[in-house]
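One structure is given here, and the rest of the page talks about it.
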Amino acid sequence: MDLWHIFLERILVACRVSASVFANFGCGLYSSWKLICGDHDSASGLRAGLATPTQRGKATGDNGTTGTPARTIGKPQARIATAMSTATCARFCTPLSSGTAGSTSKLTTGNGSGNTMTSAYKIPSNNSTTANDSSNTETTFTFKLGRSNGRSSSNVASSESSDPLESDYSEEDPEQEQQRPDPATNSRSSSTATTTTTSSADHDNDVDEEDEEDDENEGEGNGRDADDATHDSSESIEEDDGNETDDEEDDDESEESSSVQTAKGVRKYHLDDYQIIKTVGTGTFGRVCLCRDRISEKYCAMKILAMTEVIRLKQIEHVKNERNILREIRHPFVISLEWSTKDDSNLYMIFDYVCGGELFTYLRNAGKFTSQTSNFYAAEIVSALEYLHSLQIVYRDLKPENLLINRDGHLKITDFGFAKKLRDRTWTLCGTPEYIAPEIIQSKGHNKAVDWWALGVLIYEMLVGYPPFYDEQPFGIYEKILSGKIEWERHMDPIAKDLIKKLLVNDRTKRLGNMKNGADDVKRHRWFKHLNWNDVYSKKLKPPILPDVHHDGDTKNFDDYPEKDWKPAKAVDQRDLQYFNDF
């Protein structure tokens, strides 16, 4: 009898152990499946709507529309294609957290139809940490897709913070909180996104401490941070979120009209001066329309942003910041802002109409560019970046989608929602995953060096057909960026390869373009030695691609959008309208 008891007890123990093992194994399998197959695609916002695979970058579409591949990559030669707009307003920002490496952050995502879901991910570990990475807090981000069949770049993120002006912050404006009006925003133009953390740790308290640490590290390098060399002069140039004089002038004008100095004198602009012809792009809280100036008969692009959505998504300051920067700059390779205004429901910005479409579309159709073609476009981008950096402006959103080709074949950089005037460094966590610099991922604070990193990624993508850091999941992309390992094509131009290597240096103090000679170091590289940079600026070089357009108002290089799908924006009340008094 005792033997039977012992035997039965051992069987029961074995059964319990087996049940426990199988239960844990099942839970582990389910968690892994949910994390890999479920949450990441939704949480990253990289796949939005119907998708079809592409081979060697050839774009496909659905329902008769012209498709353009999204930025999610499974293999180097196979991307996800979605029916999308080549709108000038399309872009996205991937969620990043400033928490401790290894800590967990939540993502709450939307699918464009109002549904949301929450996902968790861990911040990639890295040997170097910063003073502000001491808090192990959870941060929640809410994503809203711009449209179900749209580009992954039309996502908008906003913090769960109740303060709408909870915006990006930087070393150069530590008093930003005191300058806020009653309700505030983290604003982006059109369909962009930024992330703001709701960490309980006060980041500003760590700024000075981290500066000392970084300055010591930078002093040990062979290079010198270009921002350190220009710091003194940039202080007098820096402005906080706009020009006060301009704002006062705007207040004196009516909401739907204003006076602008032109070559022929002062012109009084009115919204009625513009005839809307066709929608050429849509975004999260607005659309871009081709329109004609009834007075000059010139074609232009009108970006229309719904104020209710701009406020809801906390994008006020970014929209205003974009307008203020574009109003200040003039360069042959940068989109020109002609006029901006508002009514009781929308914000309006009038730009040059660039009828050739996105460089991204031409690159996907070609698969990859030759070294000569890539050199031409890279040179024009270098010219534009040098100009922006001379004004202490960091662009932060360089990618083929934001490069438009004009009828004459030359580039126009568009979409300045992430651009910002700097004194030293900024802490906004934003960008396109494949183009984000390591210092952004590590939340160290970043400066104009991130634009030179993005240029290296862009040159690589033009030559190879896909970015140097790719993965099915954005977090895999971040890990590869931090590792710095790049797979090189066997037959890549060795001189171009050398330039890319010098641009994709993880230590920003040794990154080409960010040392004491600034952009001159890039312009003197052997890959550009045949160029006369005055000829580049004057557009004297022969473009490698001439868009197929028949007139200045041609829209064949943009997708078609049913006008009936566009619903008028709701008017905002006077309390909300005050946010845009200076627009």
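Cβ atoms here come from the backbone N, Cα and C positions, even for glycine.
Fair warning: this is a prediction, and the values are worked out from it, not measured in the lab.
Annotation comment: Swiss-Prot describes Asp397 as active site, proton acceptor. Just so you know, the Cβ of Asp397 (active site, proton acceptor) picks up 26 other Cβ atoms within 10 Å once every protein chain is counted.
Per Swiss-Prot, compositional bias 'Polar residues' is recorded for 52-69 (among others).
Residues or ranges marked as compositional bias 'Polar residues' in Swiss-Prot: 98-107 (among others).
The compositional bias 'Low complexity' annotation in Swiss-Prot covers 108-162 (among others).
Residues annotated as compositional bias 'Acidic residues' in Swiss-Prot: 163-176 (among others).
Feature annotation from Swiss-Prot assigns compositional bias 'Low complexity' to 181-200 (among others).
Summarising the annotation, Swiss-Prot assigns compositional bias 'Acidic residues' to 205-219 (among others).
Taken from Swiss-Prot, the feature compositional bias 'Basic and acidic residues' applies to 221-234.
Under the heading compositional bias 'Acidic residues', Swiss-Prot lists 235-256 (among others).
Residues or ranges marked as domain 'Protein kinase' by Swiss-Prot on the basis of sequence analysis: 274-528.
Summarising model confidence by region, the domain 'AGC-kinase C-terminal' (529-583) averages a pLDDT of 92. The annotation domain 'AGC-kinase C-terminal' is assigned in Swiss-Prot to 529-583 on the grounds of sequence analysis.
Summarising the annotation, Swiss-Prot assigns region 'Disordered' to 51-75 (among others).
The feature region 'Disordered' is assigned by Swiss-Prot to 98-264 (among others).
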DSSP assigns the residues of the domain 'AGC-kinase C-terminal' (529-583) as 15 helix, 0 strand, 40 coil
